[in-house]
Structure formats: structure tokens, C-alpha cells
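In Swiss-Prot this protein carries:
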BINDING   Tyr104, Asn218, Asp246, Tyr249, Ser280, Ser282, Arg291  pyridoxal 5'-phosphate binding site
Amino acid sequence: MPVNMISKLLEKAVLPALDVAPPVKIGGPRRTSVLRNPNMEKLQKGYLFPEISIKREEHLKKYPDAKVISLGIGDTTEPIPSIVTSAMAEYALALSTPEGYQGYGPEQGHKNLRKEIADKVYPDMGIKESEVFISDGAQCDIARLQTLFGPNVTIAVQDPTFPGYVDNGVIMGQTGKADDGGRYAGIEYMRCAPENAFFPDLSRVRRTDVIFFCSPNNPTGHAASREQLRQLVELARRNGSIIVFDSAYSSYISSSSSSSTPRSIYEIPGAREVAIEVSSFSKFAGFTGVRLGWAVVPDELLYSDGVPVARDFDRVVCTCFNGASGIAQAGGVACLSTEEGRGAVARVVGVYRENARVLVETFRSLGKEVHGGGDAPYVWVRFPGRRSWDVFAEILEKTHVITVPGSGFGPGGEGFIRVSAFNSRDKVLEACQRLKSFLA
């Protein structure tokens, strides 16, 4: 019997039994019989920041000689301090010797870095090194936490907020479809606007299993007060919810305001029983390309059945992640372990903080309603009656300056743009001059 005839007979006999459709080819490329994850179809357009990169490339094709200045994506531009890069170089060089070579490290991270984070980032908060999980960045931790929670949890997010919380939830199957206004069914959107001082009315927030909360907030730049975070923790304790607190920008909270504006959720009594904190070396040490972050999962945080959340998160980390780069972790230790290292990264943060101040002054001088920029590297500017993408496009067209449309952070961002302080001082000053010429 010919081979092709045998194949056809096998398809008829086996495929129906497996309830699998055979590969198809209908006037185009051959397709597999694998069904697409239906949750991917729910996602709106592309992810925000790659979409902006596409707009930039289109603009440069139109204006090939344009000197584009990016005040868009939050990517650092200042060099990493030499005390940090020297530590990474020394670690990397040691890998070329028999004595210094190291392969896989602990999935949870090197013990010395976990201890430095517990001692230096969370002094007097009772955080143990065993509760710190080193990662390749806060955004990756958000995805791993969504894997941990699974598809059956309900989630709440600030509106506007970092889009990764929502998109990961959609991919995991935690939501329904988006309506015409961009709101996904099944997500509780906590409105954070100038009218409520960028903090939601918690008495009107529907109970959810997980609450994503970013402070200082990306994109609004608002840093929640101690009293506001006390209310948030109280809500979580009352409802039996888990807070995922994103403190990636906590180093931008000035020392003068730190007494009233916590840098960590664990400064609030009772938070250890209801909160996970994720953070990153990206924005305070310039590690956007190096990739290093961490999550804190306290021992006291338990599921409804009494199982520690940390036990399951450890399993997720061990299953999905082989640990952060040892070279990157050596840099993290250098950032925290000495006064010189801490001072060096603080000076870098100071550059961006001053850039934010210049941006705030520029927009205020133009009569614009401006928020943020004090305890965060982002400035949130309102353009009443305008659509965010239209404002973004007009500024790019007229000034060759890239911003971020506020609607990309959720429906509550419509009518705003986010302006980033992450660029060199010269370029920020040049961008401000262009904006003044256009908006005056």
C-alpha cells in the first residue's frame, strides 16, 4: 500500500479518536492544529511601549534628519556608577578562572544580596533574607505572581496604572473582554484622578482577591501617604485580600517627605499578613539593561487554607526561573553594601529628580495642569478636551519629542500625557525649549 494512502488512513482512524483537527492549508501558509490561547484575543492592540517605538520609527522615516528626544519609555540614560560596574566586571572576570567559576546559583538569589536588601531596604520592618526573592526585574515578578494566583482570582488596579498588571491578568484568564471604553470585565478599576488626590475612595471599591497598587505611581507620579496606605492595608485585612505593592520608584521619595510618605508597604502595621512587595534596581541603579529586581513574600502571608503563599511562590520561581544573573547580583550587592555604593546610586537618582523638577516648571509656566514629578520621575500633564494619542502625535510631529499617551495606562488616563525625566540634562532642557515654542 502506498505511504500516502497509509497516512490518510491513520489520520481518519487516529485523529477523530484524539478529537484533534488535522493541520490545514487553505490558500496560505500551513497551519498547525493547535488552538490559540483565547485570552490573547482579548488584548487591546499591542503592548503600549512597543507601540510607541513603532510610532517613533514611522516618524524617523518621515523625518530622517530629526533629532528625536525621548521623554517616553522609562529607560535610564545616566551611566551606571563605576563602583557598581567594577563589581560586576570583577565577578565576570572570576568566571574565567577555576577558582572563581560559578554555574547555577540559588533560584531565590544569592544569600548576600538577599541579606543586603532585607537590611538596607527594609530596616526595622522585620523582613528576613529568606523572605526576599531575587529576580530579573519587577515586571517579570508581576508575571510570575499572576501565574501563582492562577485564572480564578479577581483583581483590582489603580486607574490609570502600569499596563503590565492588566495585560498579565488578561493573558492568565482573570478577566472578560474589554468594553468600548477599554475596561475589562472582571477587573475593579480604582479611579485615581486629580479630583480624588490620586487615591481611590476605598468605600466604593468592590472586594477582589488581589489588589495591585503602585506607589509612587506610574504614570501619575503620586506617592501615597502613610494614612492612605494604612487605609489600603485595613481594606485588605477586612476583605481577606492580597496587596501586590509595586515600589519600583520608592528611591525617588525625598528624605524630607519620607516620614509622611512610606517607601514600603511594610512600614504599615499589619501589612506583612496581607502584602507582597515587588521592586527593582532598574530605576534607582540604572539596571534597565542589566535586569535585577526582587519580591518580598512574608512568612505570615497565608492562603485561605492556611498554606503559606511563600511556599507556592518558591515553587513557581524554581519551576519557571533559574535565578538572576550572578553578574547582575554582584552589581546589586555593590549598590547596597557600602556607603560609597549607596551614595553613588543616590546621585544618579538626583539627576532624574532634578530633570523632573525642570519639566514640572516648564509645563506650569505654560499654564498646564501638572501632577507628579516630586516623589517620582514622571510628570502627568492634562490636556482638557483632547485625546491622549492626538496630543502625543501632535507633540511628536511639531517638536520631535516623544511622550506617552495617558490612555495607554487605562481609561482614567485619557486626556493626559506622561512625560519621563529619564534622559540627560541637556536633552531635557532642549525638549523643554521645543515644548515651550510649540505650546506657548
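Even glycines carry a Cβ here, placed using N, Cα and C.
What you are looking at is a predicted structure, and each value in this text was computed from that prediction instead of being measured.
Where Swiss-Prot records a feature, it is marked here on the structure.
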residue: Tyr104; record: pyridoxal 5'-phosphate binding site; Cβ contacts under 8 Å, 6 or more apart: Asn322, Gly323
residue: Asn218; record: pyridoxal 5'-phosphate binding site; Cβ contacts under 8 Å, 6 or more apart: Gly74, Thr161, Phe162, Asp246, Ala248, Tyr249, Ala376, Tyr378, Phe409
residue: Ser280; record: pyridoxal 5'-phosphate binding site; Cβ contacts under 8 Å, 6 or more apart: Gly137, Ala138, Ala248, Phe287, Leu292, Gly293, Trp294
residue: Ser282; record: pyridoxal 5'-phosphate binding site; Cβ contacts under 8 Å, 6 or more apart: Thr76, Gly137, Ala138, Ala248, Thr288, Arg291, Leu292, Gly293
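The candidate set comprises the binding-site residues Asp246, Tyr249, Arg291. Of these, Asp246 has the most other Cβ atoms within 10 Å. Secondary structure at Asn218 (pyridoxal 5'-phosphate binding site), taken from DSSP and collapsed to helix, strand or coil, is coil.
A helical conformation is recorded for Ser282 (pyridoxal 5'-phosphate binding site) in the three-state DSSP classification. Secondary structure from DSSP puts Asp246 (pyridoxal 5'-phosphate binding site) in a beta strand.
Spanning the residues Tyr104, Asn218, Asp246, Tyr249, Ser280, Ser282, Arg291 that the record associates with binding pyridoxal 5'-phosphate, the maximal Cα-Cα distance equals 34 Å.
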